Structure formats: structure tokens, C-alpha cells
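Remarks on the structure that follows.
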Amino acid sequence: MTNAPVTTQGFTVAIDGPAASGKGTISRAVAEHFGFAHLDTGVLYRAVGAKVILGQDAESAAKTLVPEDLTNPDLRTPDVAQAASMAAAVPEVRAALVDFQRSFAARAGGAVLDGRDIGTVICPSAQVKLFVTATADVRARRRFQELSGNGLETSFEEVLADVQARDARDMGRADAPLKPAHDAIEVDTSDMAIEDAVAAAISLIKAAM
Ligand SMILES: Nc1ncnc2c1ncn2[C@@H]1O[C@H](COP(=O)(O)OP(=O)(O)O)[C@@H](O)[C@H]1O
Ligand SMILES: Nc1ccn([C@@H]2O[C@H](COP(=O)(O)OP(=O)(O)O)[C@@H](O)[C@H]2O)c(=O)n1
């Protein structure tokens, strides 16, 4: 089930969407199913955001990222998410992260990358592009449960405000805004269980192989 056929050499799946839409969950499951490598590109921006919170300027943080920065256990907090989204609007930050993402996408054996601009900017010739959505209410509910489950004290209202503020900033920025590529397939997970969303993604990818 996880064997990558030879035909997946250089095969890229781009999965974009707004905060907590389920793109990471789908990407991990798809990568496991097909034996592809997976890159959560949000982690790159979160690592930059975490350094900005510690006082570094965003551009130099992006230019000096090292692998250990990506395993910082605090990257999933709402404060880091907001700082990531602010840093992500800086064109020099985005430019500093392009080569790493494109090299990852070109890996032998296939790759799935999830983020905001994978289908539009990073991998415009990806063989499959999915745009994963859900209503803001559903997404905030899911993220609230996730954060509460991890012991973070927050409220649904705070999480909803965070998600909406990031969505607005991510969609409104001039450089690589969050939007579906013209050839992306939309997967609305609002009323889908995780298993159904994953199954839908797998069948869309199979159809493109
Ligand atoms: N279809 C779904 N139904 C219910 N919960 C989901 C679904 N997809 C994802 N989740 C949950 O919602 C939260 C956010 O999902 P995640 O994949 O991290 O989103 P994203 O990567 O888009 O931010 C996680 O706790 C995840 O388990
Ligand atoms: N390819 C990407 C990935 C993330 N980002 C930024 O990084 C922030 C955090 O991304 P994430 O994917 O970890 O966030 P969630 O969707 O998991 O909440 C986003 O709000 C975006 O501002 C981006 O601009 N481009």
C-alpha cells in the first residue's frame, strides 16, 4: 500500500487551503498511502514567526533557518500562527523559502506539499492540485478542540478570531495570496469525516496518475 511505483518519480501533489481546513491531515494520509514524502510548508513560516517573537527580524530569520528550528515544540501555538502569518506577507521572507520547497517537491518517489501557495507559486506544474476548504466555524471548532486537547487554555471565540484574522491576511496580501490555482480541485470538508476527506483526496490523485 505504501510502495511508490516508478511512475511517481517527480510526481507532485499540491494541497492548499485556509487555516485548519484539514490539509495537513489529508497530506499526511496521502503521503503514507502513496509512499510520498510530505512537507508541511506552514512549519517554515511558523519557525520564522517563532524567531520574530524572540526579537529577530523576519527576513534574516527566513534566510538563516536550520532544520532544528522546524522541530521547536512551540510552533503550534496561536501566537506563533499569527506571527507566521505576518512574516508570510513579507516578500523577502517568501523568496528565501522558495528553493527549499521546490527542491523538496522534485524528490524522487513523489512529494506532497501543503500550504497556501503551493499550486499557484511553488509548484504551478504539480500533477494534482487540491484546494481544501471548510466553513470558518467548522475550522475554528476543529482547531479549538485540537488546542484544548493539547492543554492550551483558549476559547472557541479566540480561535475563531485567530482563524479569521489569518485568513484575511493570507488572502489579502499582494505576494502569493491564498487562493485556488485555476486548475485546482476544491474539496469542501465541512461535512466530511476525516476518513471521507482522505478517501476523496486519494481517489482524485489516483485519477491523475
Ligand atoms: N474532515 C475532518 N473532520 C473533522 N476533523 C478534522 C477533519 N480534518 C481535520 N480535522 C481535525 O481538524 C484539526 C485541523 O486539521 P489540520 O489537518 O491540522 O488542518 P490544516 O493543516 O489545514 O491547518 C485537526 O485536529 C484535525 O484532526
Ligand atoms: N505555503 C504557506 C504556508 C503557510 N503560510 C503562512 O503560515 C501561516 C501558518 O500556516 P499553517 O499551514 O501552519 O497554519 P494552519 O493552516 O495549520 O493553521 C499561515 O497563516 C500563512 O500565513 C504561507 O503564507 N504560505
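Any Cβ shown, glycine's included, is placed from N, Cα and C.
These figures come from a predicted structure and were not determined experimentally.
Only residues 6 or more beyond the boundaries of the domain 'Cytidylate kinase' (13-51), in the same chain, are considered here, and those with a CB under 8 A from a CB of the stretch are 1-4, 58, 61-62, 65, 69-70, 72, 74-76, 80-88, 93, 97, 100-101, 104-105, 107, 109-120, 122-123, 126-134, 136, 139-140, 142-143, 146, 162-163, 166-167, 170-171, 178, 180-181, 184, 187, 189, 194, 197-198, 201-202, 205. Residues or ranges marked as domain 'Cytidylate kinase' in TrEMBL: 13-51 (among others).
Taken from TrEMBL, the feature ATP binding site applies to GLY17, PRO18, ALA19, ALA20, SER21, GLY22, LYS23, GLY24, THR25. Secondary structure at SER21 (ATP binding site), taken from DSSP and collapsed to helix, strand or coil, is coil. Other Cβ atoms within 10 Å of the Cβ of SER21 (ATP binding site) number 29 in total over all chains.
Across the domain 'Cytidylate kinase' (63-206), DSSP helix (H, G, I), strand (E, B) and coil residues number 80 helix, 15 strand, 49 coil. The feature domain 'Cytidylate kinase' is assigned by TrEMBL to 63-206 (among others).
Each residue in the domain 'Cytidylate kinase' (13-51) gets a DSSP state, and the totals come to 22 helix, 8 strand, 9 coil.
Under 6 Å, Cβ to nearest atom of ligand 2: this is the test, and of the binding-site residues GLY17, ALA19, THR25 it is passed by ALA19. Taking the mean position of the Cβ atoms of GLY17, PRO18, ALA19, ALA20, SER21, GLY22, LYS23, GLY24, THR25 as the ATP site, the remaining same-chain residues with a Cβ inside 8 Å of that point are ILE26, ASP114, VAL132, ALA134, ARG139, THR189. The least crowded of the binding-site residues GLY17, ALA19, THR25, judged by other CB atoms within 10 A of its own CB, is THR25.
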